[in-house]
Structure formats: structure tokens, C-alpha cells
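Visitor: I have a structure here, written as C-alpha cells, and I will follow up with some questions on it.
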Amino acid sequence: MNGQDTPHGRGDGRGGRGGQSHRRRNEAGRERNRGGVRQYSQTAPSQRTRAADPARLAAFEVLRAVERDDAYANLVLPARIRQHRLDRRDAGFATELAYGALRGQGTYDAILARCVDRPLERLDPAILDALRLGAHQLLAMRVPAHAALDQTVGLARAVIGAGPGSLVNAVLRRVSAKDLATWTAELTETETDPVKRAALVHSHPEWIVRALRQSLVGHGRSVDELEALLEADNAAPVVNLVALPGLGSLDEAIDAGAEPGELVEDSALYAGGDVGRLASVRAGTVRVQDAGSQLIARAVAAVPLDGSTAERWLDLCAGPGGKAALLGALAARSGATLLANEPAGHRAELVRKALAAVDPAVWEVRTGDGRELGRLEPAGFDRVLVDVPCTGLGALRRRPEARWRRQPSDLAQLGPLQRELLDSAAEATRPGGIVAYVTCSPHPAETTAVVADLLRRRRDLELLDSAAILDAASLPGRLQAGQAEPGTDGTTVQLWPHLHGTDAMFMALLRRK
Ligand SMILES: C[S@@+](CC[C@H](N)C(=O)[O-])C[C@H]1O[C@@H](n2cnc3c(N)ncnc32)[C@H](O)[C@@H]1O
């Protein structure tokens, strides 16, 4: 290991600007390794590093927990960062490495399959994870090839064994012989099916590529946007912050380098790393929340209503409490109260924590099945948010492993629950009150089809101009996210990561007659 190859040395490529936007791209816009001509360490493999670099070890442990324990990467990673006492720069490196390797798994596995002399399923899963980490460093990060190779081999030696270390060394040398653009061109040269091509190049399961294509078409957009949508799923999302109205201030975040959000008031974009360093975030008055979710909560609170003075609001599917916290703060300002319902006990506890900064007289958390509430409290609420359990196909960029976990059957299985929850929400709404049906999936089976079914079955609900209401709640005022729904005078709203920089949230606002 030469002096520049130390885990913390600049030769390791952690120059502090490892973010997506700073990576070098080729003419086709694909990321390339910065190394140019490949350089390898002159040291013989057996003499190279045997110690695992803590940042790479943290990333490796995240991949192992995801594969072995079905863990969520975003929950495991912070614990590993703490355990290995990574400083800010190394924490950023571990995050980019773990998330990037998980997101890119589809493409990397296809490349690795050409470099390993046996089917990947027959490899020890730990070796496969080390290879994925090596492939991501070699093909998509600003890590010099020799450092990526030495350090990944060192990791494999230290945590798996000497034999696996040699295998990792041999395979990653083959991987490093070409850059990502050359590899993907090779992988797809005989592939004529555009879905299969897109799946390989953009590392998504084929069924999700198909589902997102249907989603674009179903919401009146062009299939030509598919590539941009898939690419947006692979970009690390910037952390969005919201200052709870009347409670929080973004001053501290702005002083720490956050930029004011352009889509929604009292929001900011924070690229400064661990938000837990901000006292306002620790106090719960400033929260991490996607701008699309912020907009939806604000739109629900802002729809003009006749008839009530002290309004009652209901969040029927509230866990973990992102929208409930914003709704609670908005309710406090307008003299309303909020009931936040969630059936899973541990998630109901998260809702309580999310609401902790809001006056406790304003809100209550109920632990129970939302399908019961329409019957238990008929016509009991002025505003009802029903943010149903869904496939999450609109939030894949936030959950790096989610695309590999979801199954095509999830779409069909969730349909009946989504319909029952929307019915219960409608029952719980008073005449003249509003219901917001919301998903973080753009798939027509979970969005427009559910709303169209409801409007066919029930004559006591009308679709509002949801797009105009969302526009009014947003800063630019013209999101162009609306879609006219046949047979109604109203519109639904579909936000997109590649167009609006938000999760692909759907919203339909309905008024009970
Ligand atoms: C998409 S999440 C809601 C996100 C939340 N509104 C937020 O902004 O943080 C859906 C929630 O619905 C809950 N859920 C599942 N089955 C439910 C049911 N039968 N009744 C009410 N909620 C349910 C899930 O546990 C999950 O917490």
C-alpha cells in the first residue's frame, strides 16, 4: 500500500466532493471512473492491506444486513457510522458506497456475471457484496482504480478470508478493464427489448421499468421521459427540511449551508451531511420531509371549507408521522385539532415523537385499523388525509434496496386495502368536508384507478381541481402536475422526481356532498 492509498488519504478519492453532480460524465451523460488510464498498485496482492478500512467496512456491513437480515439500509447505516466512529467525510463516503452499490446492483451483477467463472448465485453472498462494493467504486465513484482494488481486496481478506480476497482481486481486475459506458454498451448490444435494456442500464427490475412506463403513460406523459425518471431514482436525493409553521426556524440550517426550497414555503435543501447536528432538527421543530409531502400536507390544510369554526382533522394512515407533524402544526395555527391514526404500535410511537414539538392539546394518536374509523366516527371530521400503504414505486431513490424487495404481486395485493381505507376516510368526512387520497406511487392501479372506482361506487363525493389547490399551496404556483379525470370536472395531481425534484406523490382531493 503506498502512501496515497491509505483509507483516509486523498488517493482514496474522498476529496470531499464525491456527490453525484460532481462526477465526471462521458458524452452519453454516463458516469465514468475518474482514473482514466488504470493504475494498479505495484504491491503484490499478498502484501497489500489486510485491514478493512472502516468506511468500506461500514458499507459492507450495511449490504450484509440488507441481504442476510432483510434490514433497511437507511436504518442500519447511521448505527454503523456511529459504531465505526466515522468522521463527516468518511460517513459521506460510506453512504455513497453502500447506497450506490445497492441501487446499482442490477447493472453491477450483470457485469460481474461476465467476470466470474460461475453463476453469481453460487458465490458466497458476502463475496458477492464485496464485489458489488468494488464494482461501484471502480465504475461510478471518484476512487482511483488502484485504491478501489486494494481496499476492497483488503476488506475481503479481513472479513471473509484470504481465498475470497484473491477471488475478489481477480474479478475486480476484470471489471476495471472497462468503464461503465463500455460495459453497459456491451451488455445491451444484442438486446432489442427497450424494457430489458433500460433495466440493465438503469439498474431496475424489469417489472418496475414496465410499471413506471405504464405510470407515465397513465398520467398523460411521454414514454420518452422513462430514462430521466429511472436516472432520477439513481441520484442521491438532497435532504429536504421543513420548519414547522409557528414552531421552527430554518435560520440554523441556512447558516449551516442549506439553500431555501423553491417549491414550498418554510423549506430548505440541505447537503451538509448529518442533519442530526442541527439543534432545530434535534428539537423536532425542523424536520426532514420530501417537498412533495410538504406540499400535500399544506394543500390538505388550505382547501377552502364552508361550515366549521373549530375544525377536526384526521390523518388515517399516519405512521411514521411526517405529514401528521406538519398537519399538527398547521392545525394549531388555525384552531383545529388532529387525530393521527396508525395500526402498528411502533409506528404510532413514531407519530407521537414526530408530533412532540406541537402543543399536545391539538393532537391525539390512535393505534388502530383505519378501516374501522369511518364506522366509529361517521361524518366526524372536516379534513381527512388517507396516505395509504402502497408499493412506494415513487420513492425508490430514498430506499436504495426497495426496488429489489418489491414484488409485482404487491400491486394487486394492496388494491383492496387501499379501496377500503379510502371508503372509510370518505365515511369519516362530514358533508362539505374534504378527503385527500395520497400515495407515494405513480402507478395507475394505486392512484387513478382507485379514485375512479370510488367515484363510480359513491355519488356523495366529487373530485376537486386538486392541481389548482396544490399550485396555490406551492411557491412557484404552477407545478403543471395536474391531470383532468374523465367523467369529472376535477383533476388529480402526479408529482415526479425527474420533473419536480420530489418523490412521485399522487393526490386526489375529493369533497363530500
Ligand atoms: C405511506 S405510509 C403513511 C406515511 C405518513 N402519512 C407520513 O407522511 O409519514 C402508510 C401507513 O399506513 C399504515 N397502515 C397499514 N395498514 C393500515 C390500516 N389498515 N389502517 C391505517 N393505516 C394502515 C402503515 O403502517 C403505514 O404507516
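Each Cβ is built from the backbone N, Cα and C atoms, and glycine gets one as well.
Among the features that TrEMBL reports, active site, nucleophile is placed at CYS440. Annotated compositional bias 'Polar residues' per TrEMBL: 39-49, in sequence order. Annotation comment: TrEMBL describes 214-513 as domain 'SAM-dependent MTase RsmB/NOP-type'. The annotation region 'Disordered' is assigned in TrEMBL to 1-52.
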Visitor: So, in DSSP terms, is CYS440 (active site, nucleophile) helix, strand, or coil?
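Guide: Assignment for CYS440 (active site, nucleophile) reads coil.
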Visitor: Identify, in sequence order, the residues in the chain of CYS440 (active site, nucleophile) that are 6 or more apart from it along the sequence and have a CB within less than 8 Å of its CB; answer 'none' if there are none.
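Guide: In sequence order, the residues whose Cβ lies under 8 Å from that of CYS440 (active site, nucleophile) (at least 6 apart) are SER293, ASP387, CYS390, GLY392, GLY394, ALA395, ASP503, ALA504, MET505, PHE506.
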Visitor: Kindly state the mean pLDDT of the domain 'SAM-dependent MTase RsmB/NOP-type' (214-513) in the predicted structure.
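Guide: Mean pLDDT, the domain 'SAM-dependent MTase RsmB/NOP-type' (214-513): 96.
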